[in-house]
Amino acid sequence: APDIPVIDQAYSKLSNSITVEWRAVPGATNYMLTAQDGDSFVETIVKNSPGTVTGLKPATLYRITVRSINSGGKSQPSPFRKVKTVLAAPILSVRSLSCDSIAVSWKAVHMAAGFSVSLMRSDGLGRMLKQNTTNTSLIFTNLDPGALYTIKAYAWNANGMPGDDFTYNQRTSPNAPVDVKVAFNSAALRAVVSWMPTEGALAYSVTVSSGLLKLRCNTSAASCMVPSLQCGSEYYVSVTAYNDAGSSEPTDAVSLKTIPCAPVNISIEEDEPGHLLVSWSSVSLGHYYVVFVKSDDGLEVHCNTSYTQCHFQSDCGFTYFISVFAYNKAGQSPLGDVFNYTTAPCCPSDFRAVFMSSDTVQVTWAPVRGADLYETRAAGGSGVVLCRDTATACTLSALQCSTPYNITVYSFSEARGSNTSCAPQYVATAPCSPEIKNISKEGLSEISVQWQPNNEDATYVVTARGEAGLWHCKSTRNSCTLMDLPCGSAFSVSAIARSPAGQSFPSYSIPLETAPCCPNDLTLTQVTQSVTNISWSVGKGAQTYVTTLESPKGQAKCHTLQTYCLLGCITCGTNYTVSLRAISETGLTSSCTYQGYSSSACCPSGVKLYRLSNNGIRVFWRASDETINYKADLHGSKGNFSCTPSSGLSHCDITKIPCGDVYTVVVAPVTDKGPKLTLFSSFCPKKIYSVTCSGSSVGMVIYRGKSSAEHI
C-alpha cells in the first residue's frame, strides 16, 4: 500500500464542499477524501491534489482525512484537519416594484450574522450598488426602467467570513410608452394604435374602453390594430408595456371618437306637392348630416345640414332613393337603410273633352309619368260619374243634359296612390232636347212652332225638312215662326237647342203638311152660250179641286180630280167671280181667286132678212141689251159679207149681194175690242138663207141640225 499522505491545507469556499490540498504520495494512483460529521461521513475519490468533497452541509464542522490508493491497496488515513463549511447562500426573492426599483428578500440563513447584497446593470453600464444588512429584505431605488440587473447576495458569519453567494438577474418593469397615436379606419371601424418602443418592454397591451366595454390588443410590436369598434362611441385608449418584471403604468388615455352611426327613424313626406321633407333622429357624435336624394332618372342632389331635416324639390311621378349620412371628424357614418319614395303621379296634361252626344263626353289626355291607372270623375247634376282605365281616354256616358260638370282626371300609382291635387275642368253638357208642343198655321206660308223650353241660355232652332228643302227659324224663347214655306209640301219638323256647350239631340219630329198650291194658270173657255170649260195647271199637293163661278144671278160649281171642268148653266152677258179650292189628300184646302170672268153677250133674237132694192139685204134683229153692238155676217159660196148697224139700231144693210146663193147668217154681239167670234165659234144661232135672183124663190135649207125657216 502507498504511504500516508499529509494534508497541507483544507478550506471551504462553498457551503456544500471542502477543498483539500496535500503532497503527492509516490506510487499512489488515486486518493480518497473523507469528510466526517459525527457518525456520518462523505467520501470522494480524486486523482490528485487538490480535491473537493461535495455534498456537505453548510456551516458544519467536518473532520477531513486523505488516504492514498494504488493497486496494492489503501494507505492509512492522514492526520485529520477540522474544517467548517461556509454559510449557505441566501435564496433571493426578487421583484420589480416599479420601473425604477427592485425589491430583494430572502429567508434567514443558519449561522448568518449579516448579509451583503450588490446590484449592477447586466450590461455593465452604470455603477454597482451594494448594501449590507442584517435584515432579510431591502429595496434598490432610482434604477433605470426596463433595465436588466444582476443581483448577488451572500451571508457572513460572526467572524465575518462570507458564505455562498446567490446571483439573480432581475429586470425592472418598463416605463409607460410615449407618443401614443391612434389612427382610425372609419370604413372598417377599426383603429391602429402606435407608440414609441419602451426600453426593456417585451410586450405591450392596448386597452380600448368605453363604459363597461373593454377591448384589448396584445403585441410585441410598437403598434396594434383594434378591430370591431362600434359607431357613435367614444373610446379611451391606453397602452401598457410589459416585461418579465411586470407592467408599466398605463399611458394617459387618448380619446378616440368613432364615426357616428347611421341615422335612424328616417321619415319622408311631401309637406306640399313638389316638396319633400326628409327628417331623422339625431345620432351620437354626429356633427352634421348629408342627405343624398337620387331620382330614378339618375339625377342626384344632396343637402348638408347640422339639423335633423332637409327640404328637397321633387317632381311628380318620380321614385327617389334617399340615404342619410352623419359626419364628424372621424368620417362618415356607415350606410344605413336606403329609402325609396315615389311621388304621386303627375296630373294628366293636354286635357280635352269632346262631346260625342248631349249625354256622352269623351275625355282624352296625354300619358303622365308614374301613372298606372287613371280615374275620370265627373261631378255635377245629381251625382258623380266615374270611369277607371289604364288607357289615356275615357268615355263618360249617361250624363245629364244641360248640366255643368267638373271633370277631373286623377292619376294613380301602386306606390303612392292618387294625385289628389289635379285641378278639375269645367264642362257643360249640351242642352236637353226640346219637346214640340204645338204647330199652328199663322198664314198661307207661315207656321208657328211652340215647344217646352227646358234649358238655360240656349238658342232653339226649328227645322222643317222636306223634298222642297230646309226651312229654319230660331228663338231663345219658346216659339218661332217658319216663314215662306212652299205650298203643297210635306215636312218633318224638329227642334234642337244650341248653347256654347254644344247642340242637343233633335226633338221628336212632327209631320207638317202645307196647304196645296193654287194652280198658276187657269183658263176659261166658253163652249156654248151656257157652258164654260175651265182648265188649270196642276196645283202642287192638291188631290181634288173645286171650281166656282159666281154672280148675282147664280153659281156654277164643279168638284173634280182632274185639272179641268165643264160648268153649265152659265148666263150670257154676266160677270162672274172665279174661285178655285185646291184640296190635299189630308183635307187641307187652299182658296184661290182669279180674275173675274164675263160670259159672252147674249145673242139677239128674231133675226130676219129683207130684200132691198139694188140687190141689197137688210138684216134685222131684236137686241137683248140696247148697250150691246152687233154685227151681222153672211157667208156664202160667192162671198162673205157683213154689216154693222149704227149706234142704237137693231138692223144693218148689205148691198150688192149676189143672188143665186145660199148664205149662213149670224148676228152676234161685238165687244169693245171688235168682233172676235167667227161663224164657227159664235154661240149665236146660225140661219141659212137662200137668195134667189129676181123671179126666183128663196128655199129653206136645213143645216147642221139647226133649222132656218125663213126665206126671202
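Every residue number used here counts from 1 along the chain in the order it is shown.
Glycine residues also receive a Cβ, built from the backbone N, Cα and C atoms like all the rest.
Here's what TrEMBL has on this protein:
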type: DOMAIN; residues: 1-88; note: domain 'Fibronectin type-III'
type: DOMAIN; residues: 89-175; note: domain 'Fibronectin type-III'
type: DOMAIN; residues: 176-261; note: domain 'Fibronectin type-III'
type: DOMAIN; residues: 262-346; note: domain 'Fibronectin type-III'
type: DOMAIN; residues: 430-517; note: domain 'Fibronectin type-III'
Do you know the mean pLDDT across the domain 'Fibronectin type-III' (89-175)?
93
For the domain 'Fibronectin type-III' (1-88), the number of residues DSSP places in helix, strand and coil:
0 helix, 49 strand, 39 coil
What are the helix, strand and coil residue counts for the domain 'Fibronectin type-III' (176-261) according to DSSP?
0 helix, 50 strand, 36 coil
